[in-house]
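Okay, here's the structure, questions in a sec.
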């Protein structure tokens, strides 16, 4: 079929490490991000083992526990959740989806991977030689005056990794503006692209503020300049303002790309055009904008003024509107659709369920009074894990399954895929739902030992974590095994619309044999044709 | 450039990319300016008193030098678009010379501050009024009545902000030098119009940052 080589043809290490092909850079990211995911996951597993009993008996010291949960947070946030979907799926798919040969700045794209790896390896180095005990938030004055761990090195790792995120965001925005194929108007862009555009804006506007903040922390630690130290005239609350100005929007860096994936999967597996295309596109932008206005809800008990608290509370409620718009549009798309319960769709349904629970508990936390009660308890831990792990990780896994045939040309075994989706969903809820109750009953977060009456719920949570771990390892195994098959998935195993499905699987080096011209609206699915398409898809899967 | 269809797409992409990069730079400096705003609003007396120890005429000369370098850069961009390579190189070199002059003046100023123990840290001492004459008859506050921590905070922010700006200047001068060499050796396809314009955007940005820093730091409390 093809007289041009596909992008996987070359095998040498050199061809990978010097590639400027956005698809290969995406796969480089996938390999390294998978590594960090399992390192961060291992840390979580040890923490859950420690918390199985009320006494500290696994790690031996509270210090070790502090270092462990800090590294879990730092690795998962900065080296997994923030880059996961944009750097892997976004890099791979964005140019394909808009009909471009590559991103606007391919060398910059490769550079961003090297920058990411530099930061990541420093992170691993910290983990091996000392650790950090501040929590991933690096709160001053503890981080600058009292902690005797590798805070400066951690700040450096976060600073460096931030640049990779800035470069990726910048590259995406320019690509969407300048590289669209003829006929690919803004309102014909796939929603995946819209979400990534919004995410990129947050990356470009927020990350530099984090960079300057961690730089200030490092300087304060090294030279005691006093910018956050009250003894020297500084103010630790300033740190919280600067930190959360990035780190709240960062939540949307993690979850908006997840929504991007769901917006592609749901119409495809419901065989219906997505309901309210413009509302979903607009809500992505609205979330990106509102995300910058709500950082103060992390600081309700920090001593900021009551009026500031009220304003931040109200704006935080407003973010629920664009989020709910998306959930309603996805469910409406499914309504009267012919829903295929294939693996990506199971993950997508899991996403919608978990994201809804996470979002609703977010409303509770946005309420001033409730937040004061559950502040720094496991309720908060459960809430953000529902949003970020239940949201971003479910979507990431769903997306990997959805586009795996496109990336590799191979089909994975459908039965194993479905099983993994089920195990992840069950394991996730068993892990984190008890934590809502624990937090509501008053168990504080970051504690190494706890009162014995919390033990039953903690044991449930630990049991859930072990199930979850199985669910996460399974895809790693069967997806890698699927690479041993020949590439037979065909260009479009799901009968999906979108430009990326109109080229070979795996795609040729320059993406398309002939430059596509877009003449139709996106998500042009017809409910009538679903049955034969599904049969077609199944026949591909079983080949 | 195999990913682009034509030079217009390339020019549009490069320019937009640089503009976006400058947006990130605005946010980068923005964090510091936010910190400055908060502390200045909270301790106006200390900040005004500390600011009087900066040499505003030196800052003024530096502003002129920097604006001159921006003019040279603008002329370089114009020459590059007109395809006059030799003229482009000449203006780029002029930009570098003026930029270096700025850094030289800045370094001298830092040295004076160092002599007066204004570098934050263990050796920092709140200076007696007298660097300027503005201290007297001005609410009557003396150095003794001002909080030394807040006083030092001004200099923390001053050195951090101007230091970060100077770092951007060093990067800029290096890049302009490289571009001058590339234009001279006709390395760019065409005359490098787009490329010089993109580096020019960066240079003008660094200039604009100074235009904000100068009044924020030097002119808080200057009176005729």
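Note that Cβ sites are derived from N, Cα and C of the backbone, with glycine treated the same way.
Values in this document were obtained by computation on a predicted structure and should not be read as measured data.
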Quick one: sort out which of A:444-462, A:463-481, A:482-500 is the transmembrane segment according to TrEMBL.
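Going through A:444-462, A:463-481, A:482-500 one by one, TrEMBL gives transmembrane segment for A:463-481.
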Per TrEMBL, which of A:27-49, A:510-532 is transmembrane segment?
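Based on what TrEMBL states, transmembrane segment spans A:27-49.
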Between the transmembrane segment (A:463-481) and the transmembrane segment (A:27-49), are there at least three Cβ pairs closer than 8 Å, leaving out pairs fewer than 6 positions apart?
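Stretch pair touches.
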Cβ under 8 Å, sequence separation of at least 6 from the ends of the transmembrane segment (A:346-366): give me the contacting residues as numbers and ranges.
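Counting only partners 6 or more residues beyond its ends, the transmembrane segment (A:346-366) has Cβ contacts under 8 Å with 255, 258, 261-262, 265-266, 269, 297, 313, 316-317, 320, 323-324, 327, 330-331, 374, 379-380, 382-387, 390-391, 394-395, 397-398, 401, 417-418, 421-422, 424-425, 428-429, 436.
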Can you say which of A:27-49, A:110-130, A:197-223, A:419-443 has the most Cβ pairs under 8 Å with the transmembrane segment (A:150-176)?
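Counting Cβ pairs under 8 Å, the winner is A:197-223.
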Given the cut-off of 8 Å on Cβ pairs that are 6 or more apart in sequence, determine whether the transmembrane segment (A:69-98) and the transmembrane segment (A:419-443) share at least 3 such pairs.
no
